[in-house]
Each structure stands twice: as structure tokens, then as C-alpha cells.
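According to Swiss-Prot, the protein carries these features:
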{"type": "BINDING", "residues": "6, 7, 8, 9, 10, 11, 12, 13, 126", "note": "ATP binding site"}
{"type": "BINDING", "residues": "94, 101, 102, 103, 104, 179", "note": "substrate binding site"}
{"type": "ACT_SITE", "residues": "103", "note": "active site, proton acceptor"}
{"type": "BINDING", "residues": "123", "note": "K(+) binding site"}
């Protein structure tokens with residue numbers, strides 16, 4: 001058995017490969033790492049993997065905590081994957097490839113697996129990232145605040161109270177009639193409009209039509225305001241990790 005962990009800014013996701021069969025195990029919050037509860041949450045108590053692979057954008061303290069639990073439970077040291085200049089036939093667009101986030105790189109590899117079509121990848125997590133691939137080459141991307149960061153910024157830098165966002169918003173039209181709805185709907189439309197406009201401009205600039213793939217904890221909230229159809233893949237980064245290991 002192989003075990004894969006994706007350690008993001010707020011969650012830990014896991015998957016396994018056993019006898020060639022891939023299985024996504026779900027996600028837990030960071031608290032489960034510090035307590036070691038993620039082993040039980042993912043039903044890994046009785047497993048004896050031959051290798052454990054990690055993709056992480058988390059602080060070093062969390063990486064160390066995850067590593068310690070893995071070592072204690074599985075009696076082996078995890079392999080931390082990193083961005084490469086090229087892998088699985090895909091070329092990284094960053095000249096300094098080591099500065100390109102490993103989460104974005106793995107998402108690209110997962111999204112482009114088995115496809116030669118131009119691909120537009122949106123990861124709506126704590127930060128919202130966008131990347132594009134044409135003819136197996138990553139042509140670049142953007143990073144902007146995610147929905148949560150936008151909403152937190154309004155709370156921290158204005159007179160809005162956190163309580164005002166806890167209240168259930170009731171809307172009978174497009175525009176909000178209370179503070180919660182104003183913040184929730186406004187930030188949603190900001191990101192949705194940004195993605196819609198960016199994709200239009202990108203297709204005009206390149207003369208290509210893109211297949212669109214979305215992932216991340218907030219993507220399903222964004223999907224209703226997006227103009228083009230997106231394929232949602234919850235475990236996209238883990239699937240990219242799988243591609244890396246199978247290419248070795």
C-alpha cells in the first residue's frame with residue numbers, strides 16, 4: 001500500500017493505492033494532525049504502507065508534527081514531494097520552478113493526466129489560484145485571496161462585526177438586504193467575475209478554448225456564478241501526486 005497526504009493551508013487530505021486501486025479517503029482539519037487523530041479518521045490504523053508521500057504548503061511545525069505521527073505509527077519516514085521543472089510530460093512555466101507551489105504543480109499534473117487539451121485550473125482554497133496549460137506547457141497563473149480571506153479582511157478592516165456574518169441571510173432577489181448577504185454575495189461575485197473575465201481574456205489572447213477544472217474547499221460555492229462548465233475534482237492534488245509516483 002502507498003499512502004498520500006496533501007497538507008494544505010487549513011486541511012489534510014489523504015488517499016491510498018492498494019494493488020493498483022486508488023482511493024480518496026477524505027479530509028480533516030489541522031487539529032487532527034497535532035492530536036494524531038487523522039490516522040483513525042482515515043481508517044489507517046491497521047495499514048502497513050510500503051511508502052508515504054506528502055505534498056505540503058503548511059508551516060514547518062505542521063510538517064514536523066505530521067512526520068512524527070507517520071514515523072511513530074508506520075515506522076517509516078515520509079517522502080515530501082516538490083515541484084519539478086517537468087514531470088509526466090508537463091513543463092513548469094516558472095523559470096525558478098522551485099518557487100512554484102507544490103500544491104499548484106500537483107493540481108496541474110492531476111488535471112492534465114490523460115488529456116492534451118488546453119486546461120484552465122482553479123483551486124479555491126484559502127488562496128484562490130489559477131493556472132493554465134497549453135500543449136503540455138504551463139503558461140502561468142495568478143494568486144488572489146480566497147473567499148474566506150476576503151471576508152476576514154472585511155471583518156478586520158471595517159466596522160463590520162463577526163456576528164453580522166453569522167446571521168442567516170434571506171434574499172428574494174439578486175442583491176442582498178442584510179450585511180451577511182452583502183458580504184457573502186459580494187465576495188462570491190467578485191471572485192466569479194474575476195474568473196469569468198480572466199478566462200474570456202485568456203481564450204482571446206491564445207485563440208484556444210479551455211477545458212475547466214475546479215478544486216478546493218470553496219469551489220462548489222463559486223461554481224453557480226461561473227459562466228463555463230467546470231469539472232469539479234475534490235482530490236485533484238492527490239491525483240497529481242499519484243501521477244508523479246507512477247511516472248518514476
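The backbone N, Cα and C atoms fix where each Cβ goes, and this holds for glycine too.
Note that this is a predicted model, so its numbers are computed, not measured.
Shown on the structure are the features that Swiss-Prot records.
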| residue | record | DSSP (3 states) |
| --- | --- | --- |
| 6 | ATP binding site | strand |
| 12 | ATP binding site | strand |
| 94 | substrate binding site | coil |
| 101 | substrate binding site | coil |
| 123 | K(+) binding site | strand |
| 179 | substrate binding site | helix |
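Cα of residue 101 (substrate binding site) to Cα of residue 12 (ATP binding site): a span of 16 Å. Shown are the binding-site residues 8, 101; of these, the residue with the fewest other Cβ atoms within 10 Å is 101. Counting in whole angstrom, residue 6 (ATP binding site) lies 12 from residue 104 (substrate binding site) by their C-alpha atoms. The ATP site is set by 6, 7, 8, 9, 10, 11, 12, 13, 126; from the centre of their CB atoms, other residues of the chain with a CB within 8 Å are 27, 30, 57, 58, 125. For residue 94 (substrate binding site), the same-chain residues that are 6 or more apart in sequence and have a Cβ closer than 8 Å to its Cβ are 83, 100, 138. If you take the C-beta of residue 103 (substrate binding site) and look for same-chain residues 6 or more apart in sequence within under 8 angstroms, you find 6, 8, 55, 57, 123, 129, 237. Taking the C-alpha positions, the distance from residue 102 (substrate binding site) to residue 126 (ATP binding site) comes to 15 Å. Taking all protein chains in view, 19 other C-beta atoms sit within 10 angstroms of the C-beta of residue 126 (ATP binding site). Distance noted between the C-alpha atoms of residue 10 (ATP binding site) and residue 104 (substrate binding site) is 15 Å. Taking CA atoms as the reference points, residue 179 (substrate binding site) and residue 126 (ATP binding site) are 22 Å apart. Residues near residue 104 (substrate binding site) in space but far in sequence (CB under 8 A, at least 6 apart, same chain), listed by position: 121, 123, 129, 131, 141.
Spatially close to residue 12 (ATP binding site) yet at least six residues away along the chain are 5, 6, 27, 28, 29, 30, 32, 33, 38, 66, judged by Cβ distances under 8 angstroms. Residues 94, 101, 102, 103, 104, 179 are recorded as binding substrate; their most distant pair of Cα atoms lies 41 Å apart.
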